[in-house]
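Asker: Dropping the structure in here first, questions after.
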Amino acid sequence: MDEDLVVALRLQEEWDVQAARRAAAREPLSLVDASWELVDPTPDLQALFLQFNDRFFWGQLEAVEVKWSVRMTLCAGICTYEGRGGMCSIRLSEPLLKLRPRKDLVETLLHEMIHAYLFVTNNDKDREGHGPEFCKHMHRINQLTGANITVYHTFHDEVDEYRRHWWRCNGPCQHKQPYYGYVKRATNRAPSAHDYWWADHQKTCGGTYIKIKEPENYAKKGRGKTKAGKQPTSAVENKDKLCRGEAQPLIPFSGKGYVLGDTSTCPSAGKLNTSHMVNDTKGLSGQDHSASGLKLDSNVEVKCEQNGLPNKKPHLVTPLPTASHQSVLSSYFPRVSVANQKAFRNVNGSPVKSGTIDGTKHSASAGAQRKVPPSRASLRNSSKVTAPASATVTSAAGTSAAISREESGSEDQFLNKRPRLEDRTALNNIKEQTQSGGDLEDSSRPTAISTPRSSGGQRRLVNCPVCQGVVLESQINEHLDRCLEGSKTNLRPRRV
(Lines of atoms letter the chains of each structure in order from A and count residues from 1; the text may use other names and numbers.)
(Lines give C-alpha, C1' and ligand atoms only; values in the text may rest on other atoms or scores of the structure.)
Protein backbone atom coordinates (compact mmCIF):
# COMPACT_ATOMS: atom_id res chain seq x y z
CA MET A 1 0.00 0.00 0.00
CA ASP A 2 2.75 2.34 0.87
CA GLU A 3 4.61 1.45 -2.28
CA ASP A 4 1.59 2.25 -4.41
CA LEU A 5 1.26 5.62 -2.78
CA VAL A 6 4.87 6.44 -3.42
CA VAL A 7 4.55 5.57 -7.11
CA ALA A 8 1.40 7.65 -7.43
CA LEU A 9 3.01 10.68 -5.91
CA ARG A 10 6.01 10.32 -8.17
CA LEU A 11 3.83 10.17 -11.27
CA GLN A 12 1.89 13.21 -10.11
CA GLU A 13 5.06 15.21 -9.77
CA GLU A 14 6.16 14.28 -13.24
CA TRP A 15 2.75 15.25 -14.59
CA ASP A 16 2.89 18.63 -12.92
CA VAL A 17 6.30 19.33 -14.35
CA GLN A 18 5.15 18.53 -17.86
CA ALA A 19 2.03 20.65 -17.46
CA ALA A 20 4.09 23.57 -16.25
CA ARG A 21 6.36 23.25 -19.26
CA ARG A 22 3.39 23.22 -21.61
CA ALA A 23 1.89 26.29 -19.95
CA ALA A 24 5.19 28.13 -20.13
CA ALA A 25 5.53 27.28 -23.81
CA ARG A 26 2.12 28.79 -24.55
CA GLU A 27 3.01 32.10 -22.91
CA PRO A 28 4.60 34.78 -25.16
CA LEU A 29 8.29 35.33 -24.76
CA SER A 30 9.49 38.44 -23.01
CA LEU A 31 11.06 41.20 -25.09
CA VAL A 32 14.33 40.64 -23.32
CA ASP A 33 14.26 36.85 -23.24
CA ALA A 34 17.63 35.20 -23.72
CA SER A 35 16.28 33.00 -26.52
CA TRP A 36 15.96 36.06 -28.78
CA GLU A 37 19.72 36.19 -29.02
CA LEU A 38 19.60 32.97 -31.04
CA VAL A 39 16.27 33.45 -32.81
CA ASP A 40 16.80 37.07 -33.95
CA PRO A 41 20.27 38.36 -33.02
CA THR A 42 20.15 41.32 -35.45
CA PRO A 43 16.55 42.56 -35.55
CA ASP A 44 15.13 45.06 -38.00
CA LEU A 45 15.01 48.47 -36.35
CA GLN A 46 11.97 49.68 -38.30
CA ALA A 47 9.99 46.51 -37.55
CA LEU A 48 10.71 46.78 -33.83
CA PHE A 49 9.67 50.43 -33.82
CA LEU A 50 6.32 49.73 -35.50
CA GLN A 51 5.60 46.81 -33.15
CA PHE A 52 6.38 48.80 -30.00
CA ASN A 53 4.39 51.80 -31.24
CA ASP A 54 1.20 49.75 -31.60
CA ARG A 55 1.69 47.83 -28.37
CA PHE A 56 2.91 50.43 -25.87
CA PHE A 57 2.20 53.89 -27.31
CA TRP A 58 -1.24 53.46 -28.95
CA GLY A 59 0.02 54.32 -32.44
CA GLN A 60 0.92 57.91 -31.57
CA LEU A 61 4.44 57.73 -33.05
CA GLU A 62 3.60 57.12 -36.70
CA ALA A 63 5.19 60.41 -37.78
CA VAL A 64 8.42 59.82 -35.82
CA GLU A 65 11.60 58.98 -37.73
CA VAL A 66 14.00 56.32 -36.47
CA LYS A 67 17.44 55.57 -37.96
CA TRP A 68 20.98 54.48 -37.17
CA SER A 69 23.84 56.91 -36.56
CA VAL A 70 27.35 55.80 -37.50
CA ARG A 71 29.20 58.77 -35.93
CA MET A 72 27.57 58.94 -32.50
CA THR A 73 29.89 57.34 -29.92
CA LEU A 74 29.24 59.21 -26.66
CA CYS A 75 25.62 58.13 -26.05
CA ALA A 76 23.56 55.11 -27.07
CA GLY A 77 20.62 57.07 -28.42
CA ILE A 78 19.13 60.53 -28.81
CA CYS A 79 15.67 61.95 -29.52
CA THR A 80 15.25 65.41 -31.06
CA TYR A 81 12.09 67.44 -31.49
CA GLU A 82 11.74 70.72 -33.36
CA GLY A 83 9.08 72.71 -31.56
CA ARG A 84 5.34 72.12 -31.70
CA GLY A 85 4.22 70.43 -34.85
CA GLY A 86 7.83 69.89 -35.85
CA MET A 87 9.64 66.76 -36.82
CA CYS A 88 10.63 64.20 -34.19
CA SER A 89 13.62 61.97 -34.88
CA ILE A 90 15.20 59.06 -33.00
CA ARG A 91 18.82 58.13 -33.68
CA LEU A 92 20.58 55.10 -32.21
CA SER A 93 24.35 54.69 -32.03
CA GLU A 94 25.44 51.90 -34.33
CA PRO A 95 29.08 51.80 -33.07
CA LEU A 96 27.97 51.27 -29.45
CA LEU A 97 24.95 48.98 -29.86
CA LYS A 98 26.56 46.62 -32.33
CA LEU A 99 28.89 45.53 -29.54
CA ARG A 100 26.04 44.98 -27.04
CA PRO A 101 23.43 42.18 -26.78
CA ARG A 102 19.97 42.45 -28.31
CA LYS A 103 18.46 43.25 -24.89
CA ASP A 104 20.33 46.57 -24.77
CA LEU A 105 19.04 47.52 -28.22
CA VAL A 106 15.41 46.91 -27.19
CA GLU A 107 15.74 48.84 -23.92
CA THR A 108 17.50 51.78 -25.59
CA LEU A 109 14.85 51.97 -28.31
CA LEU A 110 12.02 51.95 -25.73
CA HIS A 111 13.83 54.64 -23.73
CA GLU A 112 13.96 56.99 -26.73
CA MET A 113 10.38 56.17 -27.72
CA ILE A 114 9.20 57.38 -24.31
CA HIS A 115 10.92 60.70 -24.97
CA ALA A 116 9.28 60.90 -28.39
CA TYR A 117 5.84 60.13 -26.93
CA LEU A 118 6.18 62.95 -24.42
CA PHE A 119 7.22 65.34 -27.21
CA VAL A 120 4.43 64.37 -29.59
CA THR A 121 1.61 64.42 -27.02
CA ASN A 122 2.81 67.75 -25.53
CA ASN A 123 3.13 66.04 -22.16
CA ASP A 124 6.74 67.12 -21.66
CA LYS A 125 6.09 68.80 -18.31
CA ASP A 126 9.31 67.59 -16.81
CA ARG A 127 11.91 70.19 -16.01
CA GLU A 128 14.48 67.57 -16.83
CA GLY A 129 14.45 64.87 -19.45
CA HIS A 130 13.81 62.04 -16.99
CA GLY A 131 11.17 63.44 -14.63
CA PRO A 132 7.99 61.92 -13.21
CA GLU A 133 6.23 61.60 -16.56
CA PHE A 134 9.13 59.73 -18.05
CA CYS A 135 9.44 57.42 -15.05
CA LYS A 136 5.69 56.66 -15.11
CA HIS A 137 5.83 55.29 -18.66
CA MET A 138 9.16 53.59 -17.95
CA HIS A 139 7.75 51.56 -15.03
CA ARG A 140 4.59 50.73 -16.97
CA ILE A 141 6.54 49.19 -19.85
CA ASN A 142 8.94 47.38 -17.50
CA GLN A 143 6.03 45.63 -15.78
CA LEU A 144 4.44 44.60 -19.08
CA THR A 145 7.56 43.28 -20.77
CA GLY A 146 9.95 42.38 -17.99
CA ALA A 147 12.55 44.73 -19.45
CA ASN A 148 14.85 46.91 -17.40
CA ILE A 149 14.58 50.36 -18.95
CA THR A 150 16.78 52.79 -17.01
CA VAL A 151 17.45 56.50 -17.04
CA TYR A 152 21.11 56.21 -18.03
CA HIS A 153 22.93 53.49 -19.90
CA THR A 154 26.00 51.70 -18.63
CA PHE A 155 27.98 51.35 -21.86
CA HIS A 156 31.07 52.96 -20.39
CA ASP A 157 33.51 50.38 -21.66
CA GLU A 158 32.24 50.72 -25.22
CA VAL A 159 32.42 54.50 -25.04
CA ASP A 160 36.01 54.39 -23.79
CA GLU A 161 36.88 51.98 -26.59
CA TYR A 162 36.11 54.65 -29.19
CA ARG A 163 37.72 57.55 -27.27
CA ARG A 164 41.28 56.94 -28.43
CA HIS A 165 42.54 60.51 -28.72
CA TRP A 166 43.74 61.77 -25.33
CA TRP A 167 44.96 65.18 -24.22
CA ARG A 168 46.14 66.25 -20.75
CA CYS A 169 46.61 69.72 -19.35
CA ASN A 170 50.01 70.66 -17.94
CA GLY A 171 48.48 73.19 -15.54
CA PRO A 172 47.07 72.93 -12.02
CA CYS A 173 43.89 71.12 -13.16
CA GLN A 174 45.83 67.88 -13.70
CA HIS A 175 45.67 67.29 -9.95
CA LYS A 176 41.94 68.03 -9.54
CA GLN A 177 39.04 65.63 -9.57
CA PRO A 178 37.17 64.21 -11.40
CA TYR A 179 39.01 64.44 -14.71
CA TYR A 180 42.59 65.11 -13.55
CA GLY A 181 43.22 67.25 -16.62
CA TYR A 182 42.30 64.52 -19.16
CA VAL A 183 40.21 65.12 -22.30
CA LYS A 184 39.30 61.98 -24.23
CA ARG A 185 37.61 62.11 -27.63
CA ALA A 186 36.73 59.76 -30.44
CA THR A 187 37.86 62.25 -33.10
CA ASN A 188 41.18 64.00 -33.48
CA ARG A 189 39.91 67.41 -32.31
CA ALA A 190 42.10 69.14 -29.76
CA PRO A 191 40.52 71.27 -27.00
CA SER A 192 40.09 74.85 -28.17
CA ALA A 193 37.92 77.93 -27.87
CA HIS A 194 35.08 76.04 -29.61
CA ASP A 195 34.42 74.10 -26.38
CA TYR A 196 31.92 75.65 -23.99
CA TRP A 197 34.19 75.12 -20.94
CA TRP A 198 37.31 76.66 -22.52
CA ALA A 199 36.81 80.14 -21.05
CA ASP A 200 36.44 78.79 -17.49
CA HIS A 201 39.50 76.61 -17.91
CA GLN A 202 41.60 79.57 -19.03
CA LYS A 203 40.49 81.57 -15.98
CA THR A 204 40.96 78.86 -13.37
CA CYS A 205 43.91 76.93 -14.78
CA GLY A 206 45.44 78.56 -17.84
CA GLY A 207 47.37 75.43 -18.79
CA THR A 208 48.01 73.96 -22.24
CA TYR A 209 46.62 70.64 -23.45
CA ILE A 210 49.21 68.23 -24.84
CA LYS A 211 48.27 65.12 -26.77
CA ILE A 212 49.49 62.02 -24.98
CA LYS A 213 47.72 59.15 -26.78
CA GLU A 214 46.31 58.27 -30.21
CA PRO A 215 45.46 55.07 -32.13
CA GLU A 216 48.32 52.93 -33.34
CA ASN A 217 49.72 53.79 -36.78
CA TYR A 218 47.36 56.77 -36.94
CA ALA A 219 50.01 59.15 -38.30
CA LYS A 220 51.22 56.57 -40.83
CA LYS A 221 47.68 56.02 -42.05
CA GLY A 222 47.30 59.74 -42.65
CA ARG A 223 50.48 59.88 -44.70
CA GLY A 224 49.47 56.73 -46.52
CA LYS A 225 46.17 58.31 -47.56
CA THR A 226 48.03 61.32 -48.94
CA LYS A 227 50.36 59.11 -50.93
CA ALA A 228 47.50 56.95 -52.11
CA GLY A 229 45.71 60.05 -53.35
CA LYS A 230 48.70 61.01 -55.45
CA GLN A 231 49.42 57.51 -56.75
CA PRO A 232 46.42 57.11 -59.12
CA THR A 233 47.35 60.31 -60.94
CA SER A 234 50.86 59.08 -61.68
CA ALA A 235 49.54 55.66 -62.63
CA VAL A 236 47.14 57.19 -65.11
CA GLU A 237 49.90 59.30 -66.61
CA ASN A 238 52.20 56.27 -66.95
CA LYS A 239 49.40 54.29 -68.55
CA ASP A 240 48.81 57.01 -71.11
CA LYS A 241 52.51 57.15 -71.89
CA LEU A 242 52.65 53.39 -72.40
CA CYS A 243 49.66 53.54 -74.74
CA ARG A 244 51.36 56.23 -76.79
CA GLY A 245 54.63 54.27 -76.83
CA GLU A 246 56.65 57.14 -75.42
CA ALA A 247 57.99 58.36 -72.10
CA GLN A 248 57.96 62.06 -72.92
CA PRO A 249 55.20 64.63 -72.33
CA LEU A 250 52.43 64.81 -74.89
CA ILE A 251 53.13 67.36 -77.64
CA PRO A 252 49.95 69.14 -78.78
CA PHE A 253 48.90 68.79 -82.42
CA SER A 254 50.38 71.63 -84.49
CA GLY A 255 48.17 71.14 -87.54
CA LYS A 256 51.04 70.55 -89.95
CA GLY A 257 52.69 67.40 -91.20
CA TYR A 258 50.36 64.88 -89.57
CA VAL A 259 47.52 62.62 -90.67
CA LEU A 260 44.61 62.64 -88.25
CA GLY A 261 43.54 59.19 -87.09
CA ASP A 262 46.95 57.59 -87.75
CA THR A 263 48.18 55.41 -84.88
CA SER A 264 51.87 55.82 -85.64
CA THR A 265 53.69 58.82 -84.22
CA CYS A 266 55.64 61.29 -86.33
CA PRO A 267 58.03 63.77 -84.65
CA SER A 268 57.50 67.42 -85.39
CA ALA A 269 61.26 67.89 -85.92
CA GLY A 270 61.52 65.14 -88.55
CA LYS A 271 62.83 65.78 -92.03
CA LEU A 272 60.37 65.90 -94.92
CA ASN A 273 61.71 64.53 -98.22
CA THR A 274 59.65 64.32 -101.38
CA SER A 275 59.58 60.89 -102.99
CA HIS A 276 59.67 62.30 -106.51
CA MET A 277 63.12 62.15 -108.12
CA VAL A 278 64.05 65.51 -109.66
CA ASN A 279 66.73 65.28 -112.36
CA ASP A 280 67.41 68.79 -113.61
CA THR A 281 65.25 71.85 -112.98
CA LYS A 282 67.49 74.61 -114.33
CA GLY A 283 65.42 75.08 -117.47
CA LEU A 284 62.16 75.07 -115.56
CA SER A 285 63.32 77.49 -112.88
CA GLY A 286 63.65 80.30 -115.44
CA GLN A 287 60.01 80.17 -116.42
CA ASP A 288 57.44 82.29 -114.67
CA HIS A 289 55.00 80.10 -112.77
CA SER A 290 52.34 81.84 -110.74
CA ALA A 291 51.51 80.62 -107.25
CA SER A 292 47.89 80.02 -108.23
CA GLY A 293 48.96 77.30 -110.63
CA LEU A 294 50.14 75.07 -107.81
CA LYS A 295 47.53 72.59 -106.62
CA LEU A 296 47.64 72.86 -102.88
CA ASP A 297 45.06 70.14 -102.35
CA SER A 298 47.17 67.49 -104.10
CA ASN A 299 48.61 64.94 -101.72
CA VAL A 300 52.38 64.61 -101.76
CA GLU A 301 53.90 61.41 -100.47
CA VAL A 302 56.66 62.09 -97.96
CA LYS A 303 58.81 60.13 -95.57
CA CYS A 304 59.31 60.82 -91.89
CA GLU A 305 62.84 60.47 -90.59
CA GLN A 306 64.11 60.72 -87.05
CA ASN A 307 67.64 60.04 -85.79
CA GLY A 308 68.69 59.02 -89.28
CA LEU A 309 66.27 56.03 -89.44
CA PRO A 310 63.51 56.54 -92.00
CA ASN A 311 60.12 54.92 -91.49
CA LYS A 312 58.92 52.60 -94.21
CA LYS A 313 55.35 53.73 -93.82
CA PRO A 314 54.59 56.82 -95.93
CA HIS A 315 52.51 59.72 -94.64
CA LEU A 316 50.27 62.00 -96.64
CA VAL A 317 50.96 65.65 -95.88
CA THR A 318 50.42 69.01 -97.53
CA PRO A 319 53.68 71.01 -97.41
CA LEU A 320 53.70 74.77 -97.75
CA PRO A 321 54.28 75.90 -101.36
CA THR A 322 57.64 77.49 -102.13
CA ALA A 323 59.23 78.79 -105.31
CA SER A 324 61.35 75.66 -105.78
CA HIS A 325 58.37 73.36 -105.16
CA GLN A 326 56.29 75.26 -107.69
CA SER A 327 58.91 74.88 -110.40
CA VAL A 328 59.29 71.16 -109.66
CA LEU A 329 55.61 70.29 -109.34
CA SER A 330 54.59 72.26 -112.42
CA SER A 331 56.54 69.83 -114.60
CA TYR A 332 54.70 66.83 -113.07
CA PHE A 333 51.28 68.43 -112.90
CA PRO A 334 50.64 70.27 -116.21
CA ARG A 335 47.99 72.97 -116.01
CA VAL A 336 44.94 73.00 -118.20
CA SER A 337 44.02 76.54 -119.22
CA VAL A 338 40.42 76.14 -120.34
CA ALA A 339 37.88 73.40 -120.86
CA ASN A 340 36.99 74.50 -124.42
CA GLN A 341 40.19 73.46 -126.16
CA LYS A 342 38.70 73.98 -129.63
CA ALA A 343 38.20 77.72 -129.14
CA PHE A 344 41.32 78.26 -127.03
CA ARG A 345 44.76 76.76 -126.79
CA ASN A 346 47.29 76.60 -123.97
CA VAL A 347 50.31 78.91 -124.20
CA ASN A 348 52.56 78.87 -121.11
CA GLY A 349 49.64 78.14 -118.88
CA SER A 350 47.44 80.97 -120.24
CA PRO A 351 44.37 80.54 -122.49
CA VAL A 352 44.81 82.05 -125.96
CA LYS A 353 42.10 82.14 -128.60
CA SER A 354 42.78 79.80 -131.52
CA GLY A 355 43.76 81.43 -134.85
CA THR A 356 45.57 84.43 -133.33
CA ILE A 357 49.30 85.04 -133.48
CA ASP A 358 49.65 87.47 -130.60
CA GLY A 359 48.80 85.52 -127.48
CA THR A 360 48.45 88.54 -125.24
CA LYS A 361 45.84 90.20 -127.43
CA HIS A 362 43.04 87.74 -126.77
CA SER A 363 44.26 86.11 -123.56
CA ALA A 364 41.77 85.78 -120.76
CA SER A 365 44.29 87.00 -118.21
CA ALA A 366 44.39 90.43 -119.97
CA GLY A 367 40.66 90.80 -119.38
CA ALA A 368 39.55 90.47 -123.04
CA GLN A 369 35.90 90.06 -123.88
CA ARG A 370 34.18 87.88 -126.47
CA LYS A 371 30.97 88.95 -128.16
CA VAL A 372 28.08 86.59 -128.66
CA PRO A 373 26.16 87.08 -131.95
CA PRO A 374 22.55 88.10 -131.51
CA SER A 375 19.83 85.57 -132.07
CA ARG A 376 17.01 85.76 -134.58
CA ALA A 377 13.84 87.66 -133.99
CA SER A 378 11.25 85.92 -131.92
CA LEU A 379 8.47 84.76 -134.22
CA ARG A 380 6.01 84.16 -131.47
CA ASN A 381 5.41 87.83 -130.61
CA SER A 382 5.81 88.94 -134.29
CA SER A 383 8.30 91.53 -133.13
CA LYS A 384 12.02 91.84 -133.52
CA VAL A 385 13.52 91.06 -130.16
CA THR A 386 17.23 90.63 -130.11
CA ALA A 387 19.30 88.82 -127.54
CA PRO A 388 21.82 90.72 -125.40
CA ALA A 389 24.39 92.39 -127.60
CA SER A 390 27.34 90.70 -126.00
CA ALA A 391 28.14 88.44 -123.06
CA THR A 392 31.39 88.96 -121.26
CA VAL A 393 33.15 85.82 -120.08
CA THR A 394 36.40 86.35 -118.24
CA SER A 395 38.64 83.53 -117.05
CA ALA A 396 41.58 84.02 -114.66
CA ALA A 397 45.03 82.82 -115.64
CA GLY A 398 46.09 79.43 -114.28
CA THR A 399 42.54 78.26 -113.39
CA SER A 400 40.32 75.75 -115.09
CA ALA A 401 37.19 77.98 -115.11
CA ALA A 402 36.21 78.80 -118.75
CA ILE A 403 33.36 78.67 -121.22
CA SER A 404 31.97 75.14 -121.50
CA ARG A 405 30.97 73.38 -124.68
CA GLU A 406 27.33 73.58 -123.71
CA GLU A 407 27.47 77.40 -123.58
CA SER A 408 29.15 77.65 -126.98
CA GLY A 409 26.70 75.30 -128.62
CA SER A 410 23.59 76.76 -127.06
CA GLU A 411 23.32 79.48 -129.72
CA ASP A 412 23.15 77.01 -132.63
CA GLN A 413 20.49 75.04 -130.82
CA PHE A 414 18.47 78.23 -130.35
CA LEU A 415 18.74 79.13 -134.05
CA ASN A 416 17.63 75.68 -135.21
CA LYS A 417 14.62 75.79 -132.92
CA ARG A 418 11.23 75.92 -134.54
CA PRO A 419 9.03 78.80 -133.39
CA ARG A 420 5.53 78.00 -132.35
CA LEU A 421 2.93 79.02 -134.93
CA GLU A 422 -0.09 80.99 -133.86
CA ASP A 423 -2.57 79.43 -136.29
CA ARG A 424 -5.56 81.36 -135.05
CA THR A 425 -3.91 84.72 -135.72
CA ALA A 426 -2.98 83.78 -139.29
CA LEU A 427 -6.47 82.49 -140.13
CA ASN A 428 -8.13 85.57 -138.69
CA ASN A 429 -5.98 87.77 -140.91
CA ILE A 430 -7.00 85.80 -144.02
CA LYS A 431 -10.67 85.94 -143.06
CA GLU A 432 -10.68 89.69 -142.51
CA GLN A 433 -8.94 90.39 -145.80
CA THR A 434 -11.27 88.04 -147.66
CA GLN A 435 -14.40 89.73 -146.30
CA SER A 436 -13.09 93.24 -146.99
CA GLY A 437 -12.54 92.36 -150.67
CA GLY A 438 -8.80 92.63 -150.62
CA ASP A 439 -6.48 90.70 -152.86
CA LEU A 440 -5.77 87.28 -151.49
CA GLU A 441 -2.48 87.20 -153.22
CA ASP A 442 -1.30 90.35 -151.43
CA SER A 443 -2.75 89.27 -148.12
CA SER A 444 -1.15 85.89 -148.35
CA ARG A 445 2.37 87.27 -148.30
CA PRO A 446 2.45 88.44 -144.67
CA THR A 447 0.67 85.26 -143.74
CA ALA A 448 3.30 83.24 -145.49
CA ILE A 449 6.01 85.22 -143.77
CA SER A 450 4.43 84.91 -140.36
CA THR A 451 3.69 81.21 -140.88
CA PRO A 452 6.55 79.82 -142.91
CA ARG A 453 6.39 76.38 -141.32
CA SER A 454 2.80 75.55 -140.42
CA SER A 455 1.45 72.09 -139.89
CA GLY A 456 0.45 69.82 -142.79
CA GLY A 457 -3.26 70.37 -142.31
CA GLN A 458 -2.97 74.17 -142.54
CA ARG A 459 -0.78 74.26 -145.69
CA ARG A 460 -2.79 71.68 -147.65
CA LEU A 461 -4.72 73.05 -150.72
CA VAL A 462 -7.89 71.49 -152.11
CA ASN A 463 -10.10 72.18 -155.16
CA CYS A 464 -13.58 73.59 -154.66
CA PRO A 465 -16.14 71.22 -156.28
CA VAL A 466 -18.42 74.17 -157.20
CA CYS A 467 -16.14 76.77 -158.72
CA GLN A 468 -13.10 74.50 -159.21
CA GLY A 469 -10.95 77.03 -157.35
CA VAL A 470 -7.97 76.21 -155.15
CA VAL A 471 -8.73 76.93 -151.47
CA LEU A 472 -7.02 76.11 -148.16
CA GLU A 473 -8.38 72.99 -146.58
CA SER A 474 -9.21 74.87 -143.40
CA GLN A 475 -11.35 77.37 -145.40
CA ILE A 476 -13.17 74.89 -147.62
CA ASN A 477 -16.34 74.79 -145.53
CA GLU A 478 -16.85 78.55 -145.53
CA HIS A 479 -16.00 78.73 -149.24
CA LEU A 480 -18.57 76.09 -150.10
CA ASP A 481 -21.22 77.96 -148.14
CA ARG A 482 -20.60 81.11 -150.11
CA CYS A 483 -20.58 79.30 -153.43
CA LEU A 484 -23.76 77.37 -152.76
CA GLU A 485 -25.69 80.34 -151.43
CA GLY A 486 -24.78 82.33 -154.50
CA SER A 487 -23.12 85.07 -152.65
CA LYS A 488 -23.17 88.47 -154.31
CA THR A 489 -19.47 88.74 -153.96
CA ASN A 490 -17.73 87.93 -157.24
CA LEU A 491 -14.44 87.14 -155.63
CA ARG A 492 -12.69 84.16 -156.92
CA PRO A 493 -10.19 82.43 -154.76
CA ARG A 494 -6.55 82.75 -155.50
CA ARG A 495 -3.79 80.29 -155.12
CA VAL A 496 -2.05 80.59 -151.84
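From the backbone N, Cα and C atoms, a Cβ is placed for every residue, glycine too.
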Asker: According to Swiss-Prot, which of these ranges is motif 'PIP-box': 22-29, 86-93, 134-141, 326-333?
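Answerer: Of the candidate stretches, Swiss-Prot labels 326-333 as motif 'PIP-box'.
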Asker: Looking at 41-68, 97-124, 461-488, which one is zinc finger according to Swiss-Prot?
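Answerer: When 41-68, 97-124, 461-488 are checked in Swiss-Prot, zinc finger belongs to 461-488.
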Asker: Which of these ranges is annotated motif 'Nuclear localization signal' in Swiss-Prot: 280-291, 352-363, 412-423?
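Answerer: Of 280-291, 352-363, 412-423, Swiss-Prot gives motif 'Nuclear localization signal' for 412-423.
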Asker: Please identify the range among 145-153, 190-198, 253-261 that Swiss-Prot labels motif 'SHP-box'.
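Answerer: Matching range for motif 'SHP-box': 253-261.
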Asker: Can you list the residues of the same chain, besides His111, His115, His130, whose Cβ falls within 8 Å of the Zn(2+) 1 site's Cβ centroid?
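Answerer: Sorted by sequence, the hits are Cys79, Glu112, Ile114, Gly129, Phe134, Met138, Val151.
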Asker: Give the helix, strand or coil assignment DSSP yields for His130 (Zn(2+) 1 binding site).
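Answerer: It is coil.
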Asker: What is the Cβ neighbour count of His130 (Zn(2+) 1 binding site) at a 10 Å cut-off, with all protein chains included?
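Answerer: The answer is 15 other Cβ atoms.
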